[in-house]
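Features as listed in TrEMBL:
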COMPBIAS  A:9-21  compositional bias 'Polar residues'
DOMAIN    A:613-703  domain 'DYW'
REGION    A:6-27  region 'Disordered'
REPEAT    A:94-128  repeat 'PPR'
REPEAT    A:196-230  repeat 'PPR'
REPEAT    A:266-296  repeat 'PPR'
REPEAT    A:297-331  repeat 'PPR'
REPEAT    A:367-397  repeat 'PPR'
REPEAT    A:398-432  repeat 'PPR'
Amino acid sequence: MAAALHLSAVNSTPPDTSIPSTILKPSKLSPPIPPSLLLQRVTGPKSLKQIHAQIIKSRCTQALQVQIKLISLYSLFNQMDSAELCFQRIPSKLQFAYNAMIRGYSTHGFPEKALLLYSQMLYSHSPPPDKFTFPFILKACAALSALSEAREAHGRIIKTGLTPDVHISTALVDFYMKLCEVGIARQVFDNIPLKNTVCWNALIAGYAHNELDVEAVDAFKWMIELGFQPSSSTMVSVLPAVGRLGDLEEGKLMHKLIIEKGIEIKESVINSLIAMYGKCGETETARRLFDEMLEKTAVSWTVMISTYARNGKFAEALELFICMQAHGVKPTAVTVASILPACADMMHIKLGMKVHGYSIKNGFDLDIIMSTALVDMYAKCGCIAEARCVFDEMPERNIVSWNAMINAFGLHGQVMDALEWFALMQLDGMKPNGSTFVSLISACSHAGMVAEGLECFKSMSKDYDLVPETKHYACVVDLLGRAGRLKEAFEFIKAMPSEPDDSAWGALLGACRIHKDVELGRMAALKALELKPREPGYYVLLTNIYAGSGRWADAQKLREVMKEKKILKEAGCSSIENGGIVHSFVVGDSKHPEWKKIYKKMEEIEEKLKEEGYVPDTSLVLHEEIEKSERLAIHSERIALAFGLLKIPDGIPIKITKNLRVCADCHSAFKHASRIYKREIILRDLRRFHRFGSGNCSCKDCW
DNA sequence: ATAGGGTTAG
């Protein structure tokens with residue numbers, strides 16, 4: 001019945017132009033064309049149906065071969081219902097019939113059905129699976145993350161003596177890599193007797209998938225050295241790894257190699273090259289490649305836009321975003337989502353809102369990744385109410401969405417809200433993960449809520465079956481240390497079940513700076529530098545501790561060590577948005593076109609501050625800098641504040657973001673300024689938000 | 001009469 005319906009549907013479809021009319025209307029004079037020949041003319045799903053109808057009408061005897069070819073073609077064109085009908089009608093089930101069905105199910109999104117047929121092969125009187133069966137079974141297992149099923153299949157592969165088959169081994173490498181079983185994947189790869197390009201590709205793609213970028217690049221070099229010809233897939237797999245490593249030299253070599261080896265330059269290869277150059281900071285090279293592309297897809301535009309966004313070229317990113325649409329290419333949710341983190345980073349709320357508007361118009365705000373990025377963007381731009389609004393409107397939420405909201409509250413010092421949302425997420429059936437607890441504990445830490453923070457930490461293993469990672473230990477050290485409980489923090493590090501990493505010692509070091517403990521601080525710094533010898537932050541913190549306790553000679557010596565080792569401390573940089581443009585300032589900046597005006601305003605501010613009782617806090621500045629204590633006044637956030645007071649109209653909060661932590665002196669100056677100028681000032685530093693108003697700060701001086 | 005590997009992202 002179903003077959004009849006099916007065929008009548010075929011007859012009503014208009015003729016496929018690709019089929020010669022002789023097939024559709026066979027002349028009575030000439031003998032019917034044999035079915036096997038007819039099937040060779042199939043070009044797509046439409047012609048397949050028509051030819052199938054033709055075969056049935058011609059009443060030729062249908063050889064098993066023809067029936068199997070039909071199954072194979074239907075499953076190739078994703079017509080699984082028709083394939084299933086043919087499959088059920090053949091009397092003796094052969095391996096290729098099964099294989100064709102399993103191929104269709106596993107490549108067209110029905111992995112469960114593929115595994116069901118496989119178990120039918122195993123447990124009924126069917127033919128056993130063969131070397132053509134296993135690659136599809138492993139693909140289905142990968143789609144379902146079915147480790148035990150794959151292991152069973154792997155055992156059967158070994159028992160049947162199929163281990164040396166390169167197709168099967170490649171599928172095994174791919175499967176284990178996708179489930180992050182890198183060691184097993186490598187073992188399977190090493191046992192392949194006759195390797196080829198494709199199995200190398202699976203290994204390299206697998207390493208890249210697991211972000212083992214050095215391994216991916218090494219495997220690539222090794223493959224070339226052994227004389228294998230890389231394909232475009234090889235390049236597409238290895239280039240993201242090079243990009244993440246930021247290894248421009250290696251990337252250039254690979255670009256050259258693509259040309260030398262005559263690798264087919266597909267669109268995907270160029271997209272990967274653009275992304276690689278973008279991640280290495282070479283926006284101009286990336287743009288040149290992009291401009292030379294003949295066929296740009298939405299992915300190409302997205303890659304170029306995110307290249308600009310990643311490198312802080314927001315005007316170019318937005319321009320390209322508009323240009324893309326003018327070229328009739330529709331941005332995807334990924335395109336717009338890739339602009340948002342940049343808006344968040346620069347506190348470019350105007351651009352963020354524009355992107356939000358565009359997303360609503362196109363229904364992207366329903367995309368979970370997109371809306372989570374919006375929550376994060378609004379929160380990092382200081383708009384916690386808007387973040388909350390987007391969160392409330394989300395049609396669905398995953399763990400990342402909840403974490404973004406909890407983290408948002410923490411950033412804004414709203415611990416009680418963070419804890420409440422933590423309870424809400426569980427009522428919603430969501431299980432917290434490691435990142436949830438990082439947000440929670442650091443939220444408690446910033447609010448000085450030691451007991452609650454410790455409770456969270458204990459609870460994660462006791463109630464949530466999570467193993468605390470080094471980052472959680474570092475959070476607890478920060479929690480205890482910040483509250484002045486340095487001894488306990490130290491004991492906590494010593495009691496860690498695994499070797500502490502530099503971040504734990506770094507947290508203790510930071511706490512020692514706040515509470516001015518030279519001896520413990522020195523020890524923590526030595527430990528941290530032992531584990532991460534070139535981290536400028538650790539040098540700077542220890543120098544600050546020395547200077548703060550009057551040990552100028554030690555401070556000076558440390559500075560010289562830094563100079564000698566060519567360790568540069570990161571330059572402080574503050575940004576502020578006005579009129580849709582983000583203005584950035586660094587320490588002692590005089591590059592801004594209006595810098596003279598800004599400095600004049602700054603002098604005025606400093607004078608007013610001093611009149612109103614502000615006393616510069618020079619305790620954390622180096623000796624030589626104290627001599628000219630006005631240098632304090634040139635910290636980048638002070639320039640940004642002057643710019644804000646100069647440009648942003650009364651009554652509108654001034655929003656500034658800084659790439660490092662705000663220093664105690666600037667913090668005190670901002671408090672005074674908020675009172676004197678009757679202005680709300682919102683400062684986001686490396687860690688959190690400070691909301692200044694009427695002479696106070698939301699952080700309650702605890703940061 | 002059938003097979004294996006890939007690009008943008010919170």
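Quick reminder: no glycine exception, Cβ is built from N, Cα and C everywhere.
Automatic, uncurated: that is what TrEMBL annotation is.
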Item to complete: Could you tell me how many residues in the repeat 'PPR' (A:297-331) are helical, how many are strand and how many are coil under DSSP?
Response: 26 helix, 0 strand, 9 coil
Response to the item:
Under 8 Å Cβ-Cβ from the repeat 'PPR' (A:398-432), and at least six residues away from its ends along the same chain, one finds 368-369, 371-372, 375-376, 378-380, 382, 384, 387-388, 391, 439-440, 442-444, 446-447, 449, 452, 460, 464, 466, 684, 688-689, 691, 698-700
Worksheet item: In the repeat 'PPR' (A:94-128), how many residues does DSSP assign to helix, to strand and to coil?
Response: 26 helix, 0 strand, 9 coil
Worksheet entry | Distant-in-sequence neighbours of the repeat 'PPR' (A:367-397), which means Cβ under 8 A and at least six residues beyond its ends | 333-334, 336-337, 340-341, 343-345, 347-349, 352, 356, 359, 404-405, 407-409, 411-412, 414, 428, 430, 653, 655, 682, 684, 689
Discussion item. Give the nonlocal contacts of the repeat 'PPR' (A:297-331) in its own chain as ranges (CB under 8 Å, at least six residues past its ends).
Written reply: 267-268, 270-271, 274-275, 277-279, 281, 283, 286-287, 290, 338-339, 341-343, 346, 348, 351, 354, 358, 362, 581-582
Worksheet item: In the repeat 'PPR' (A:266-296), how many residues does DSSP assign to helix, to strand and to coil?
Response: 23 helix, 0 strand, 8 coil
